[in-house]
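These notes are about the structure you will find just below.
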Amino acid sequence: MNNQNKSEPLTEGGPTERQAPSVSRRTMVEGAVAAAAVLALGGTVKAFAGETPQLRPPGGQDEGLLQGACIRCDRCRAVCPTHAIGVGYLKDGIINARTPCMDFRSGYCDMCGGEFLCIKACPTGALTSFDPHKDKIGVAVVDEDECQLYGVSAKCNAPCIDACEYEALYLDDNGRLVVDEEKCNGCGACEYVCPTSAYRSYDGTGRRGINIEMKGTSNG
């Protein structure tokens, strides 16, 4: 197990806090419009919500509550010490634009040592309580086409296993990476440190050997 301080990013340099904009009338109106869109569009909302469900910060797993209460104020993203919270874009679906989404290419969720700064910073209750031992942001999924442990060479020092604080990753008898879905809470540390990105930066696929996904979906 990696003994690295989990309150610090896995890369060099300490976390820095980004300044959050003040909540304006405009952002409140945007939140109300998004909530109205979810209710009004009914069966066609999927097309407006994008093809892939968004991974939300801790406490944002109730999608209906988040869409209705989030005012796009950016406060959760601003206080994230590991820079793991990003925002949705129009390509992610109209109603997801500027809502908080996990960005495991920029950081991972260390749960703030149980403090959950993003939840505390949320002024509307769009982010509620979260238990990292019971609740899930998502689940790690091994992409056998990308994971270096599944190729012909099958050579990787598996930094993902060391990065996982919850012991949700291990190697089977054949040296292949396996995810214990019961233990995995989707913190994203494994995806963040996966070295596959060094190779895939040339072909633009964006995939890594292990990726956090909503359970029951696949982006492969």
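The backbone N, Cα and C atoms fix where each Cβ goes, glycine too.
Mean pLDDT, taken over the domain '4Fe-4S ferredoxin-type' (61-90), works out to 97 on the 0 to 100 scale. Residues or ranges marked as domain '4Fe-4S ferredoxin-type' in TrEMBL: 61-90 (among others).
Residues or ranges marked as domain '4Fe-4S ferredoxin-type' by TrEMBL: 98-133 (among others). DSSP states for the domain '4Fe-4S ferredoxin-type' (98-133), grouped as helix (H, G, I), strand (E, B) and coil, give 9 helix, 3 strand, 24 coil.
Annotation source TrEMBL lists domain '4Fe-4S ferredoxin-type' at 175-204 (among others).
The region 'Disordered' feature in TrEMBL is assigned to 1-24.
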